[in-house]
Structures are given as C-alpha cells and as structure tokens.
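In TrEMBL this protein carries:
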- 71: active site, proton acceptor (ACT_SITE)
- 72, 75, 79, 81, 83, 92: Ca(2+) 1 binding site (BINDING)
- 166: substrate binding site (BINDING)
- 196: heme b binding site (BINDING)
- 197, 244, 251: Ca(2+) 2 binding site (BINDING)
- 40-118: disulfide bond (DISULFID)
- 73-80: disulfide bond (DISULFID)
- 124-318: disulfide bond (DISULFID)
- 203-231: disulfide bond (DISULFID)
- 29-321: domain 'Plant heme peroxidase family profile' (DOMAIN)
- 1-22: signal peptide (SIGNAL)
- 67: site 'Transition state stabilizer' (SITE)
Ligand code: HEM
C-alpha cells in the first residue's frame, strides 16, 4: 500500500512538472490574463458574447471562424498575426487556398467594440484566435483556455498562402509537415483535422472524388454517388457538402465517418487508412474525450506561433484593403 502511495505521488509530480514546463514555454511569449494585466478587464467574456451573437444569427459562422483561425496562423510573417484580414490583390485572401473563407466582418465588428472598450489594445490576431476557440465551445466542444498577447502584422502575401495552405488532396506526409512546425504531435495533428466535424466544403475541392475510378478509395460507393449528384448541377460553385454527418456539433462523428469511407476530402480519407494515423483515428472514433483532449492541446499550440512584445503592432482596424 505504502509503495503504491509513493508511486502515485511520484507520478503526480511528473505530470505537474510536465504541465508547468509546457505552460511556461507558451507563457514566455503569450500570457493567460494578458489584457487584465494591461488594465483592460473582461476582454475574453466580451469577445465570447459578441461572437456568440453572430453564431446564433448565422449557423455557418462558427465553422467559418474556426477555419479562419487556422488559415491566419498558418500564413503570415508572425503566424497568428491578423495578416489574413489585409485584403486586396496579391494578399492572402486572394489565394485559392482561402476559397470559401468568409465572415471576416465578424472580426471587424468585434474589433470596433474593443476599440470603444480599450483603444489600441486588443489585437486582431487575438480576436481571431478567440473566435476560433469560441466556435468549438459554442458547438459542444471543449472550452479551451488560450494565452493572449498576439500582435498584428502589416503585410500579407498571396504567394505565401498559395504555398502554405494545404489543399484538399494533401497526403498524410503533408498533414504531418504542416503541423510539425507548431510542435504538434501526430495525435494532435489528427485531432486538428477533427475540426472538419464542423462546416462544409465546395465541389471544386472534391473533383478528384467525383470520378468512379478515383484512386482515393476506400470509399463508400453510395457516398460517392451522393457527392456526384450534389455536384452535378453546380452553377457558380454554390453547392455545398457537409464535412461530416453532424456539421453543427463539435463531436467525434467525423472520425466514424472517415472510417466508413465517408470523408469529404481526399485528406480525410488519407488519415483513416495511413498506418501512422489510422490507429489514432480509431481511438478518436471510439473515445470522444481523447479527441477533445488532443484538440485542446493542439489548438493551444496551433495558435501560439505569434508576434509578441515589441514585434508587430495593434492595428486600429482589422479588415484592410
Ligand atoms: C492539412 C490540413 C487541412 C486541410 C487540407 C484542410 C482543407 C479544407 C478544405 C479543402 C475545406 C473546404 C473549403 C471549401 O471547399 O469551402 C476545409 C474546410 C474547413 N476546415 Fe480545413 N483543412 C485542414 C485543416 C484544418 C484545421 C487545422 C482546421 C481548424 C483548426 C480546419 C477547419 C476547417 C473548417 C471548420 C472548415 C469548414 C469551413 C466552413 O464551413 O466555412 N481545417 N478545410
């Protein structure tokens, strides 16, 4: 009994040290309670209230904000730096990789509110990262605590977005290489793709799936027939297809769907069959808690690459032309 107790105490200490170490690595740059320390209290609550209002009035908005957060963090001089909000020719938003990204106006209107509350203080980059995490909780996923203090970039490049935003046809090698620079483990990388439990895709991103002799099997033939029917009449690319069978709920349905050959994109099917990721897919399909835990730690890492301190600025307007 005594030796069990000693073992438990030792194991608990190892977990505590690991948690402290990983949290302080993030805290060296970003901080929990950052705006409180600057004397601007209630930022997180106010952002949550405002984005939730948009999520209630537009059921597609929360998925849009989660994707926006990934695309902002993936491209730009500082990672999560608000660079996606600088629009115009040759800028990130004009990249094909950002096709379908929308509702940037939500970030803009939260920013206007923040300027009333605490002028020149709250960055666009932080608002985007918060809107993404609030999208997860709003739809029933984990309530993720993220440190704040990101600064905004003043440049934005379509060429960089073209090369860094992974296409729907990405291989598992590409998936792992996208997330490795953020320090994500393979488990956390597979969990990030679980964001496709929300939202939709367009026919132009599943062209390779529509051919009956497509090499991207395994695939449910019935599902492929449904996709072909949905995309058969698709004027102006308005047809949309749900990413999983419960597009408005953040749950582990996505993993069960891809195991059954019902992943929307080639990349979704790829992670369900590759020997490096298939066991993780099986685990998340069976255990939603494991998916939530890996998504939570993965999201904190994904949003931790940022400009901080004297790097970057706090822009007064998020959406620039
Ligand atoms: C290798 C990684 C990834 C690839 C290849 C990928 C690809 C895509 C594609 C092609 C779409 C559909 C675009 C359209 O046709 O409208 C999409 C949608 C989406 N993605 Fe990803 N994605 C990846 C990772 C992520 C991550 C890390 C997140 C968030 C943490 C995310 C969140 C979303 C969401 C929420 C949607 C639906 C957006 C909406 O309904 O407006 N994706 N993704």
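For all residues, glycine too, the Cβ spot is worked out from N, Cα and C.
Given the structure is predicted, the values throughout are model-derived calculations rather than measurements.
Among the recorded positions 71, 73, 318, the residue whose Cα lies closest in space to that of residue 92 (Ca(2+) 1 binding site) is 71. Fewest Cβ neighbours within 10 Å among the binding-site residues 72, 81, 92, 244, 251: this applies to 251. Taking the centre of the Cβ atoms of 197, 244, 251 as the Ca(2+) 2 site, the nearby residues of that chain (Cβ within 8 Å, site residues left out) are 194, 196, 198, 243, 245, 246, 247, 249, 250, 252, 253, 254, 255, 257. Its Cβ placed at the centre, residue 196 (heme b binding site) has 25 other Cβ atoms within 10 Å. 166 are the recorded positions among 79, 92, 166, 231, 244 whose C-beta comes within less than 6 Å of an atom of ligand 1, given in sequence order. For the pair formed by residue 166 (substrate binding site) and residue 231 (disulfide bond), distance between Cα atoms is given as 22 Å, rounded to the nearest Å. Compute the center of the Cβ atoms of 72, 75, 79, 81, 83, 92, which mark the site for Ca(2+) 1; besides them, the chain residues with Cβ within 8 Å of that center are 71, 73, 74, 76, 77, 78, 80, 82, 84, 125, 153, 156. Each of the binding-site residues 79, 166 was assessed for Cβ neighbours inside 10 Å, and the highest tally belongs to 79. If you take the Cα of residue 67 (site 'Transition state stabilizer') and the Cα of residue 83 (Ca(2+) 1 binding site), they are about 14 angstrom apart, rounded to a whole number. Neighbour counts were taken as the number of other C-beta atoms within 10 angstroms of each residue's C-beta; across the disulfide-bonded residues 40, 73, 80, 318, the minimum falls on 40. Cα of residue 80 (disulfide bond) to Cα of residue 124 (disulfide bond): a distance of 9 Å.
Each residue contributes its Cα atom, and for residue 197 (Ca(2+) 2 binding site) and residue 83 (Ca(2+) 1 binding site) those atoms are 26 Å apart. Mean pLDDT for the domain 'Plant heme peroxidase family profile' (29-321) in this predicted model: 94. Within the set of recorded positions 203, 251, 318, the entry lying nearest in space to residue 75 (Ca(2+) 1 binding site) is 318 (CA atoms). In the three-state DSSP scheme, residue 196 (heme b binding site) falls into the helix class.
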